[in-house]
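Here is what Swiss-Prot records for this protein:
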type	residues	note
SIGNAL	1-16	signal peptide
BINDING	17, 105, 190	Cu(2+) binding site
DISULFID	75-193	disulfide bond
DISULFID	163-253	disulfide bond
BINDING	179, 188	O2 binding site
């Protein structure tokens, strides 16, 4: 998956993991049980023909992906296109609502965008094998934090670049949990994708594109990292070792 990488600068038990449950896009809150709500992995698979249409692509649950060379690192395991797009203006802010996230799962929050065909994202997929990979992906934001927080309905925001061309976009958003990343595999990737119809904007076609899989390597310092290792300073103080967020530079207009 090649992505426009705009890195947002903010940066145990399966029950302790999380996923994006809902969002506020274009001023609309995509709330529970509305037809355009985000995919619900513990409800949608059991609804048969009554399953609501979604703006986000399917995910298997709240567990992680650990293989950076797997197709699952694109939008999560078994992901398929969603039928709807959320309208949003270029330059506007999108707020994503995560489910419960444990404080112990510290790591970067990263957002990418990929331009879909002019007909939309609803029938477009990055592919089911490593080649071709998802094209035209750029990182739009990233920040280092402890994740959304340890509270219910935690929020993470990103801004749609104001200069990109209007059209349909697939947004890949993830948290990389580093609590077990001292050896590979160990880092836990929690990707999810939703679909936008971007209005306004400019005429910029970002060129700093990457692919998923392909953007991350197991040897990247941001993938294999000991979050608990400390470095001694000249003042006999111990500080956490520096962390480098994996992937390309953040795109700016």
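Backbone N, Cα and C atoms are what each Cβ position is placed from, and that goes for glycine too.
Sequence features annotated in Swiss-Prot and their locations in the structure.
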residue	record	Cβ contacts under 8 Å, 6 or more apart
17	Cu(2+) binding site	62, 63, 64, 102, 105, 188, 190
163	disulfide bond	90, 201, 202, 203, 204, 253
179	O2 binding site	104, 105, 106, 107, 188, 227
193	disulfide bond	56, 57, 74, 75, 76, 79, 170, 171, 172, 173
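In this view, the densest Cβ surroundings among the disulfide-bonded residues 75, 253 belong to 75, judged by other Cβ atoms lying within 10 Å. In the three-state DSSP scheme, residue 179 (O2 binding site) falls into the coil class.
Residue 188 (O2 binding site) has a Cβ environment of 19 other Cβ atoms inside 10 Å. Using a 10 Å Cβ-Cβ cutoff, residue 190 (Cu(2+) binding site) registers 25 neighbours. Take the CB of residue 105 (Cu(2+) binding site) and look out to 10 A: across all protein chains shown you find 24 other CB atoms.
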